[in-house]
């Protein structure tokens, strides 16, 4: 039986979050064993924030949750791809559909999308 290898990165694995319909990469985050199990049990994506040192469910503040459609692991069992139905307009905390909205072009990084919501309004702190 395949076991996910959490040892290579100090208890964490990268989780690539992908739109299940069109294959767009929405975000990359980190999971530990607890958040992977929460994701598998609840059908919602859960992550471990390295900067805040806490667990979080995608959309818990914004309402832009992710419904898990399929989970895959790579040949080394140390990374997962989670295909999701994105509920709400955007996966990125900046308000963009994807966290990957900046493209290398003509020797510089260029933003290629506009936010779909105002983060200052959504994340009132």
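Just so you know, glycine gets a Cβ as well, placed from its N, Cα and C.
DSSP assigns residue 76 (Mg(2+) binding site) to coil in the three-state reduction, placing it in neither a helix nor a strand. Sequence-distant neighbours of residue 76 (Mg(2+) binding site): residues of the same chain at least 6 apart with a C-beta under 8 Å from its C-beta are 5. Here Swiss-Prot flags 74, 76, 78 as Mg(2+) binding site, drawing on sequence analysis.
The feature Zn(2+) binding site is assigned by Swiss-Prot to 75, 92, 99. In the three-state DSSP reading, residue 99 (Zn(2+) binding site) counts as coil.
In this structure, 75 is the one among the binding-site residues 75, 92, 99 with the smallest number of other Cβ atoms inside 10 Å of its Cβ.
Each of the binding-site residues 74, 78 was ranked by the number of other C-beta atoms within 10 Å, and first place falls to 78.
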